[in-house]
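Worksheet: the structure to be examined is printed underneath.
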Amino acid sequence: MSSDLAFFATLSTIRENIFKYGGVFLLCAGTVSCVLSLFVFSKKALRKNPCGIYLIAASIANFIMIYISLLETTLSIGYRNDVTASNLSFCRINLYLTFVSDNLSSYFLIMGSIDRMLLTSRNALTRQHSTSRLAYISIIGISIFWLVFHIHALILPEIIQLYPTYFACYFPSGSYLTFITYYLLIRIILTLSLMVTFGLFTVRNIQNMRQKQVLPSVQGTESSTHVTVNTVRSKDHLLIRVLLLDIAVYMIFNLLLAAILLYQQIIQNRPVSLYDRQVVIFITGIATFSNYFPYCIGFYTKLFISKVFRKEVKASFLCE
């Protein structure tokens with residue numbers, strides 16, 4: 001028994017230290033990542049591109065997610081200072097903004113992948129739907145939908161006593177908790193499925209694109225016409241690579257959370273030992289921590305993997 005208690009204490013300490021030090025690191029790294037991403041994608045050549053608009057919106061949602069959800073989780077787990085457990089209004093607002101920003105970030109990426117799928121279509125009429133106007137309308141529509149859909153988080157969560165001396169901002173047991181549990185599982189599976197689907201469609205369209213296009217030219221302006229078209233084409237290819245990379249990062253760091261949520265649903269009506277329960281709590285903590293990575297490292301992954309993105313960043317800082 002004493003060995004089990006020591007093991008549980010070790011798991012708890014590891015979980016606490018992961019958020020105590022790793023959480024602070026992600027906060028700092030994520031802040032820089034979002035600010036630099038906004039700086040690069042806000043440049044004229046990219047902010048007028050529909051995909052660039054979606055990436056700007058996603059960066060803003062990531063920034064909100066970092067300072068609403070990651071900051072609160074770091075304080076509550078890493079420093080045992082759960083500010084949401086002492087104020088019901090703050091508890092509900094925090095959960096509401098976490099739900100909204102999390103969904104907005106992922107669905108802006110999905111809309112970006114749909115835009116790239118439209119742009120890379122072989123059908124000229126389909127390509128015409130890739131417009132900045134549609135991007136703004138989609139962003140507004142998606143934002144309103146998730147803001148309204150998660151109104152329940154401003155009303156139903158409570159500060160619940162989980163242990164004799166431990167209170168937490170959580171969902172009351174019963175039908176609402178069951179709804180939230182299934183919702184989280186379905187949402188993450190649906191999000192990953194949509195990202196994979198539209199990402200694969202985009203890759204397929206790219207592979208089917210003609211390698212060479214005949215461009216109309218006017219004598220004396222042929223050179224400038226080619227330069228302009230090549231520049232636009234270069235920006236589009238850059239945004240396609242950047243978007244697919246963001247989707248890949250999101251998928252990699254959310255697979256563990258999807259797996260643990262599915263496992264919890266499978267065992268929810270089965271008797272679980274104290275040992276298994278503590279292990280699940282620990283793994284859930286690891287999955288939660290890894291879930292924050294896509295919001296914090298997007299700029300760095302693009303910078304280290306994409307040579308074209310590095311050139312774009314350099315050009316942005318040099319104001320070229």
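Every residue gets a Cβ built from N, Cα and C, even glycine.
Features reported for this protein in TrEMBL:
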DOMAIN    33-295  domain 'G-protein coupled receptors family 1 profile'
TRANSMEM  18-41  transmembrane segment
TRANSMEM  53-73  transmembrane segment
TRANSMEM  93-114  transmembrane segment
TRANSMEM  134-156  transmembrane segment
TRANSMEM  176-203  transmembrane segment
TRANSMEM  243-267  transmembrane segment
TRANSMEM  279-301  transmembrane segment
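For the transmembrane segment (93-114), the neighbouring stretch richest in Cβ pairs under 8 Å, chosen from 18-41, 176-203, 279-301, is 176-203.
Using a Cβ-Cβ cut-off under 8 Å and counting only residues 6 or more beyond its ends in the same chain, the transmembrane segment (53-73) has close neighbours at 19, 23, 26-27, 30-31, 33-35, 37-38, 41-42, 46-47, 82-84, 94, 97-98, 101-102, 104-105, 108-109, 111-112, 115, 132, 135-136, 138-139, 239, 242-243, 246, 288, 292, 294-296, 298.
Within the chain, the transmembrane segment (134-156) has long-range Cβ neighbours (under 8 A, six or more residues past its boundaries) at 50-51, 53-54, 57, 92-93, 95-96, 99-100, 103-104, 107-108, 111, 115, 171-172, 176. For the domain 'G-protein coupled receptors family 1 profile' (33-295), the model's average pLDDT works out to 85.
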